[in-house]
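Enquirer: Please find one structure pasted underneath; my questions will follow.
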Amino acid sequence: MALGGLISNRNFGSFIGSGNGCQRLGKSGAEVSKLFPNALLCRNHQPLQASLHHESGHMRRSFGCFLQPRMDSVIRFRNSIKINRSRAYYKSEESDITEGVVPSADGSAEAILVEGNLQNASPWWQQFPRRWVIVLLCFSSFLLCNMDRVNMSIAILPMSQEYNWSSATVGLIQSSFFWGYLLTQILGGIWADKFGGKVVLGFGVVWWSFATIMTPIAARLGLPFLLVVRAFMGIGEGVAMPAMNNMLSKWIPVSERSRSLALVYSGMYLGSVTGLAFSPMLITKFGWPSVFYSFGSLGSIWFLLWLKFAYSSPKDDPDLSEEEKKVILGGSKPREPVTVIPWKLILSKPPVWALIISHFCHNWGTFILLTWMPTYYNQVLKFNLTESGLLCVLPWLTMAVFANIGGWIADTLVSRGLSITNVRKIMQSIGFLGPAFFLSQLSHVKTPAMAVLCMACSQGSDAFSQSGLYSNHQDIGPRYAGVLLGLSNTAGVLAGVFGTAATGYILQRGSWDDVFKVAVALYLIGTLVWNLFATGEKILD
């Protein structure tokens, strides 16, 4: 029986042989009769004439499946083989073989099998785009980043009771994280641009995870040890954003840039939600040290996955397909790692200063809301501490949702032909003017529910910044994306430190309306600077 009669209803592969293959042609043609592990048999319809053509090993590789041929009986002649019966077993499903003509005199020609329209050739997880594997790994690292950061805000309550810390001491402990965090913003960008994002981000996660695990031990040793460990944790987390930005600038094409960054940054928001939700449960059941031990241990699991699947750039990934490489690179060649940072050139560009100033204005309002929100809910809206804690989760959830919506909108606008400059200005204007509007309404609302809604809408519109200034570093200088983010985020962290302290000073002498007015003023300044000087064009090469 011919193989063509056994395998049907699927387009599986094709025969080629000397430019042509095998095809049934009635009595004057040839047909496929038998496949051996290392050979292909073509037979014409002349009596007892058959030819066996070997294709050592290559046939199986190009066929791309498991074929187990079996021959029940073969009668051998001096120059031919007569097939009484043959079978081929395909271990997945039946398939057709595309056939062609063999123009040789005896009905035979050298033939091989080539891979055709294979379906389900590999598991779905192997077909998943490699660039989005990198995005998901960065997303999960940012999830861990904020889980490990916010757990102290919950654990500090039982810790301060156990060790009799004053409010001033608690404030010192909370601020010690930023000592280290500030140190590695620019350094993290330099290291990532020189040595690759994989090394730097992997180092950062291991470093801050170890510091998280060491926190209970340091607290028992004494306050100075705890301050050092918290500063060390800040050092590790400080490299995360520059290293991530460096990697995505190499892995993600511009048409997917906004949504990929939005997804990664939403990991931070969801990390805060997860940390705020699970920390009280762990503390109640196992004690406050359990929060640090459990959250910190998750970093080791992430690091193993990072070592296995992450690469600093597409050219380092041996499993990256040529098709995906073309999508990522868009016809351009991958650049060599940065050896010298052109600081004078970078700092001479107005769009760079637009990034720095806008990042400062953005983070002033964001840090104030996220730091002082529980106090506002408790003192002004008269929610109890439990209610305040639950309501603090709402803005983080809102930001996670709207960051991804904004990313999708931005990439859609780019794909439809709107310039990157206009897209970045539109998205960041929403990220500035939205919070400014909703914060200005807080003095006019009459109910706590409306106040909570205004706060949530403020943070939701703020999340559009992920497709504005947070995506712009890769636009204007992809080779220096890590350094650029380190520069602007340093300004952002300083805004958080000074803004948080200034809010306390304002509240001692004024009101919450004054706090919100300062934030609104900075949002408006940021809008003006951004729209005057920002660009989406590459200015650093």
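Every residue gets a Cβ built from N, Cα and C, even glycine.
What you are looking at is a predicted structure, and each value in this text was computed from that prediction instead of being measured.
Marked as transit peptide by Swiss-Prot: 1-28. Swiss-Prot lists 133-155, 170-190, 199-219, 221-241, 263-283, 286-306, 352-372, 390-410, 430-450, 481-501, 515-535 with the feature transmembrane segment.
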Enquirer: Count the CB pairs under 8 A between the transmembrane segment (352-372) and each of 221-241, 286-306, 430-450, 515-535, then give me the winner.
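Expert: The listed stretch sharing the most Cβ pairs with the transmembrane segment (352-372) is 515-535.
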Enquirer: Cβ under 8 Å, sequence separation of at least 6 from the ends of the transmembrane segment (170-190): give me the contacting residues as numbers and ranges.
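Expert: For the transmembrane segment (170-190), the list is 149, 152-153, 156, 160, 200, 204, 223, 226-227, 230-243, 245-246, 341, 480-487, 489-490, 493-494, 496-497.
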Enquirer: Report, as numbers and ranges, which residues of the same chain sit near the transmembrane segment (263-283): CB under 8 Å and 6 or more residues beyond its ends.
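Expert: Same-chain contacts beyond the ends: 135, 138-151, 153-155, 158, 244, 248, 290-291, 294-295, 389, 392-393, 396-397, 399-401, 403-404, 407, 463, 466, 470.
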Enquirer: So which of 221-241, 286-306, 481-501 is most in touch with the transmembrane segment (133-155), counting Cβ pairs under 8 Å?
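Expert: So the stretch in question is 286-306.
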Enquirer: Out of 286-306, 430-450, 481-501, 515-535, which stretch has the largest tally of CB pairs under 8 angstroms to the transmembrane segment (221-241)?
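Expert: Highest pair count goes to 481-501.
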Enquirer: Give me the stretch from 286-306, 481-501, 515-535 with the greatest number of Cβ pairs under 8 Å to the transmembrane segment (430-450).
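Expert: The stretch with the most contacts is 515-535.
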Enquirer: Determine which residues of the chain contact the transmembrane segment (481-501) at the Cβ level, with the cut-off under 8 Å and only residues 6 or more beyond its ends counted.
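Expert: Same-chain contacts beyond the flanks: 175, 178, 181-182, 185-193, 197, 200, 241-243, 245-246, 248-249, 338, 341, 346, 352, 355-368, 371-372, 469, 473-474, 519, 540.
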Enquirer: Same chain, outside the transmembrane segment (515-535) by at least 6, Cβ under 8 Å from its Cβ: which residues?
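Expert: For the transmembrane segment (515-535), the sequence-distant neighbours (Cβ-Cβ under 8 Å, at least 6 residues beyond its ends) are 350-351, 353-355, 357-358, 360-362, 364-365, 368-369, 372, 421, 424-425, 428-429, 432-433, 435-436, 439-440, 442-443, 468-469, 472, 475-476, 499, 502-503, 506-507.
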